[in-house]
Amino acid sequence: MSQGFRGPTGVFPHQTQPCLDPSYEHSKWRYLQPRGSESYLRSFQLQQIEFLKGRLPEAPLIGAQTQSLPPFLPGHWPRFPGPPAQGKQPEIWGFPRSVTLRNQGFHIGPPLPPPHSRGPPWRGAEGLCSHFQELSISQNPEQKVLNRLEELGEGKATTAYALARELRTPKKDINRILYSLERKGKLHRGVGKPPLWSLVPLSQACTQPPRAVNSDKEVPRGEPDLDSEDGDPASDLEGPSELLDMAEIKEKICDYLFNVSKSSALNLAKNIGLAKARDVNAVLIDLERQGDVYREGATPPIWYLTDKKRERLQMKRSTHSGPAATPAAVSEATQSTSFPTCHPPQSGGSSSMATSKRVENGQEPVTKYESRHEARPGPVRLRPHAYHNGPSRAGYVASENGPWATDDIPDNLNSIHTAPGEFRAIMEMPSFYSPTLPRCSPYKKLTECQLKNPVSGLLEYAQFTSQTCDFNLIEQSGPSHEPRFKFQVVINGREFPPAEAGSKKVAKQDAAVKAMAILLREAKAKDSGQPEELSNCPMEEDPEKPAESQPPSSSATSLFSGKSPVTTLLECMHKLGNSCEFRLLSKEGPAHDPKFQYCVAVGAQTFPSVSAPSKKVAKQMAAEEAMKALQEEAANSADDQSGGANTDSLDESVAPNKIRRIGELVRYLNTNPVGGLLEYARSHGFAAEFKLIDQSGPPHEPKFVYQAKVGGRWFPAVCAHSKKQGKQDAADAALRVLIGESEKAEQLGFAEVTPVTGASLRRTMLLLSRSPDAHPKTLPLTGSTFHDQIAMLSHRCFNALTNSFQPSLLGRKILAAIIMKRDPEDMGVVVSLGTGNRCVKGDSLSLKGETVNDCHAEIISRRGFIRFLYSELMKYNHHTAKNSIFELARGGEKLQIKKTVSFHLYISTAPCGDGAHFDKSCSDRAVESTESRHYPVFENPKQGKLRTKVENGEGTIPVESSDIVPTWDGIRLGERLRTMSCSDKILRWNVLGLQGALLTHFLQPVYLKSVTLGYLFSQGHLTRAICCRVTRDGNAFEDGLRYPFIVNHPKVGRVSVYDSKRQSGKTKETSVNWCLADGYDLEILDGTRGTVDGPGKELSRVSKKNIFLQFKKLCSFRARRDLLQLSYGEAKKAARDYDLAKNYFKKSLRDMGYGNWISKPQEEKNFYLCPVPND
């Protein structure tokens, strides 16, 4: 018999004595509770013991709120019913309160105080403070459910849904509790859906044992009262056993593969005692993830041990076979621990003790117990007892009795107090780098580490050499959307060259690559016996030449500088005018582990292929290989050129502080203004952002006001109908201002371009346009072609004029401009420009010439050019003819353009119609050529056909072969309004001249010298469309023309500075027109109405009426009274030579099979103007 007192979870035996009455034990309970911080310390020490035995996943921490001890398995800790309880043990939902356990074998700390000792009254309050973290206000959820069912009464049942609603608990938690109580034999589940739950009658509960969870386990269930306290132990029984089984299977698999070298899953399963392959498949996959095994083949796979796992097993077996690790030493090092089992007195029975088994660190003891009878049939609950806490000073643990003091650790777990012989096997076990094992040289280790990730390889090498390796962030710069990080490797205080990149990960990798390159060269020199000169290299020295054995690194900082390799390659190809393609060569491997093989193709050149587990990584690696190959080619070509200039780097972003090419920023105006602004800000080290200033309008038509901010400077606000469009327009406006300021700074000779605040550039642009001395002799575009200069002049003028206008009014930047050069050496000046891509609707035609029928950019720029010619003719005087662009023609009746003066047309894309009717694959590269000969393409009969524009839309359709005579009333009633395409009109200009019929009364024909395109350029298709299709059959057409008309063949080409890529979506309906005579006043039209954009629908200055008005003024100024009384149509017909040439031109097109030229209704030209007096 044993004398003891009962604790919250069992008996703490001290000496043998008959068991006392439970009431007596209950009266003594409150005196025998552990006090205050002493209880906390002992509980903490028990948690240390559990951690050392491997039952806790983490070491307990003193001073922190530690979790309670895990529920004790019935097979490990004996449980006994405690004294009768009159209350419930408070606990947090689902987590029982931690309790203090004691037994004779694990008594830790000072001896127990006498049972009648009491502390001072102040100790209770301080003890409460020390146990404040253990307070709880919740209740056992199982007890809540039992109480609720008891309230219903015996024989009453309810559903889980009703319980969940009454207890305000999720239904899934209630279901889990109900089924747990059913397994314990406390509840009865009725049939039906949903099942009805009720309490088990008392008589049935006495005879019905709890249901076993797992019959093949030899550990009995705990008592119902403690199960309600600690929760359902089923999960605790299943987890460790399954883990042990998994570990055992893994060990058997590895041992078998170590002996046979390879095997299939089925063969493995049969040789380790299992039946089917599926029993080991999951374990094999887990081992494969851990890097212990690998497989080859697909159906079925053959499994092998990895080299590293085989080395570890070999080392383990050699260690176990050594003299130090003998079985006697191992058995001597561990002690068996037995837990006494005490049962309540049973009639005619004897208490059975659990068989003691050896417990090793990190394993769960599996102990078999004999069956025992329950002491009481009903549930017995523990009750919290009031007691006086210990002194508060015990909460501060003294150093000599600290949580890890060796005296408090049990002897079987205390390695310090253990005899030296017990752990001799462990202490004498050779380490991985023991001198008894061969150790590789630093050079060999570095070579192995270079095959891995640079950061991981460097850390592994530092650990190999017992050194510390740190990655220090030296500097962080750049805007928030594209920061720059500079990292440096420091090994044992030695600093290596830093590396900079756009992300911390890439910067660390680059710094690790540099450090490993230096260490590799030093180790190689040391192994070869050479003096270690490289080890004394200064920190600033950046080893650019890699070692011979160094494999290519995963990131090339000199090439990409933090950018994606794919992005860098595409930018490089774009600058070179080439297009690259990523080709998927093959796809191998299963679906869960594919291998993609990619290569980069640039034209006919193919770069080395690479393989990777994903398409994205494969493309990046292929781009890296292509960039490295391109850089090597560039370096070789630079070496071959003796005395040549330094070639620029492939990646211009390595020098972000240099001035960006304005052509690149102009490209963003036509593609992605947001990206262009961010690129501009990054190149200058500024941060860019877009702010929503205001939002108004109804939900179906909102208006968003956005404003761009770059480097603390706000740019003009814009208004749009969507947030996306608002950001684009704000970026567009900011780019125009910044580009204009950059151009001004370049023209004035500044070395660096900084954002300039202040006045508008309109006056500056006007002065530059009119003052030849203000122009620089050459454009600030090194190596640019003639067509690049034409394009730059056009965009400069457009940007300077529109930098203060809302971009939403300016269309999608389909720009056309006419540039005038006074001599071949002149840089040129823009005399007219226009934007737009719309035609007037049929219901907006005017009988008075008040609408502009065609608002395409090319047509608008030509009408502005006509206005420029009128202004120059009004200024012409034979006394000042030296400064004029005109001179007297042969016969003296008319004027003509001077021989040195030339006009050049720029269009940002191919003209609509036949000039753009080809596949983009036929596009030609920009080549500087002095040859002006044309090579038109005639591949099929449809090429060269006349085409008309689509009303209220974009694109063209071919004209019908039959005669079409559009009528005014037919169009008003809904007949399709036909407008000839821009390619057909440019063809007419190259035959009849740019001046038109009215100016032919005063001028000889004016022809274009060149045509420049920014996009969709094909020399064969463009020349066919704008001039060569009328000479397809020879010179017959040109021979039929009367003097002074000819077939003009202008020089054609495309720009190389930028390429305005295609944008999806329709262009806007607005159109801009300007000529040099207008100063810096822009006019914005609505292309579908043909009038000035706005509610007033004002008359445009490029309309027929206004141009006819200028013609009348010129007639009055030149004393041509015979033309003042004519209508618009009659005045055009009065130019007999022009009218005859036009009719011949139309007839020839019809005879050549190109179709009929469709004109507007004749009624539209029959309007008159009052005579204009000579001012």
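Placed from the backbone N, Cα and C atoms, the Cβ positions cover glycine too.
Of the candidates SER228, SER480, SER549, Swiss-Prot marks one as phosphoserine, and that one is SER228. Checked against Swiss-Prot, the residues SER138, SER235, SER336, SER929 yield a single entry marked phosphoserine: SER235. HIS856 is the residue from HIS787, HIS795, HIS856, HIS1049 that Swiss-Prot records in the Zn(2+) site together with CYS912, CYS982. For the domain 'DRBM 2' (564-632), the DSSP counts in helix, strand and coil order read 30 helix, 22 strand, 17 coil.
Under a cutoff of 8 A between CB atoms, and with a sequence separation of 6+ in the same chain, the neighbours of SER579 (phosphoserine) are MET573, VAL602, GLY603. Burial estimate for the modified residues (SER564, SER586): highest at SER564, by number of other CB atoms within 10 Å. This prediction places the mean pLDDT of the domain 'DRBM 2' (564-632) at 82. Proximity of CYS912 (Zn(2+) binding site) to non-local residues of its own chain (separation of 6 or more, Cβ distance below 8 Å) is seen for HIS856, ARG947, LYS949, GLU954, GLY955, THR956, SER981, CYS982, SER983, given in sequence order. The Cβ centroid of HIS856, CYS912, CYS982 marks the Zn(2+) site; residues of that chain outside this set whose Cβ lies within 8 Å of it are ASN837, ASP854, ALA857, GLU858, ILE859, PRO911, GLY913, LYS949, THR956, SER981, SER983, LYS985, given in sequence order. Summarising the environment of CYS982 (Zn(2+) binding site), the number of other Cβ atoms within 10 Å of its Cβ, over all protein chains shown, is 29.
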